[in-house]
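Novice: Below are the structure tokens for one structure; questions will follow.
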Amino acid sequence: MACPICNKETVQAYRPFCSKRCADIDLGRWLGGGYAVPSQDPEDAERAIEEAERATNKLPSRKH
Ligand SMILES: [Zn+2]
């Protein structure tokens, strides 16, 4: 099974996600409301992650 956020392999402790970060992102998606499920494109996933981080406003910004 793959993480629905970043498509990496799921980690048992955080399933269906690969990490707490992705679980938080999914939560942020629901809290933020109405932004689309990211495509399989890694760049889209990265963008979604950044948007989710802004939406939740509790995860540190990542430097690229
Ligand atoms: Zn993930």
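Each residue, glycine too, has its Cβ placed from N, Cα and C.
Please treat TrEMBL annotations as automatic predictions, because they have not gone through curation.
According to TrEMBL, the record shows the following:
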type	residues	note
BINDING	Cys3, Cys6, Cys18, Cys22	Zn(2+) binding site
REGION	36-64	region 'Disordered'
COMPBIAS	45-56	compositional bias 'Basic and acidic residues'
Novice: Within 8 Å of the centroid of the Cβ atoms of Cys3, Cys6, Cys18, Cys22, which other residues of that chain place their own Cβ, given that this set defines the recorded Zn(2+) site?
Specialist: Ala2, Pro4, Ile5, Asn7, Lys8, Thr10, Phe17, Ser19, Arg21
Novice: Counting by DSSP secondary structure, give me helix, strand and coil numbers for the compositional bias 'Basic and acidic residues' (45-56).
Specialist: 12 helix, 0 strand, 0 coil
Novice: Using a Cβ-Cβ cut-off under 8 angstroms and a sequence gap of six or more, which residues of the chain neighbour Cys3 (Zn(2+) binding site)?
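Specialist: In sequence order, the residues whose Cβ lies under 8 Å from that of Cys3 (Zn(2+) binding site) (at least 6 apart) are Glu9, Thr10, Pro16, Phe17, Cys18, Ser19, Cys22.
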Novice: Using Cβ-Cβ distances, find the residues under 8 Å from Cys6 (Zn(2+) binding site) that belong to the same chain and are at least 6 apart in sequence, listing them in sequence order.
Specialist: Cys18, Cys22, Ala45, Ile49
Novice: Within 10 Å of the Cβ of Cys22 (Zn(2+) binding site), how many other Cβ atoms can you find? Include all protein chains, please.
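Specialist: I count 23 other Cβ atoms within 10 Å of it.
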Novice: How many other Cβ atoms are found within 10 Å of the Cβ atom of Cys18 (Zn(2+) binding site), counting all protein chains shown?
Specialist: 21
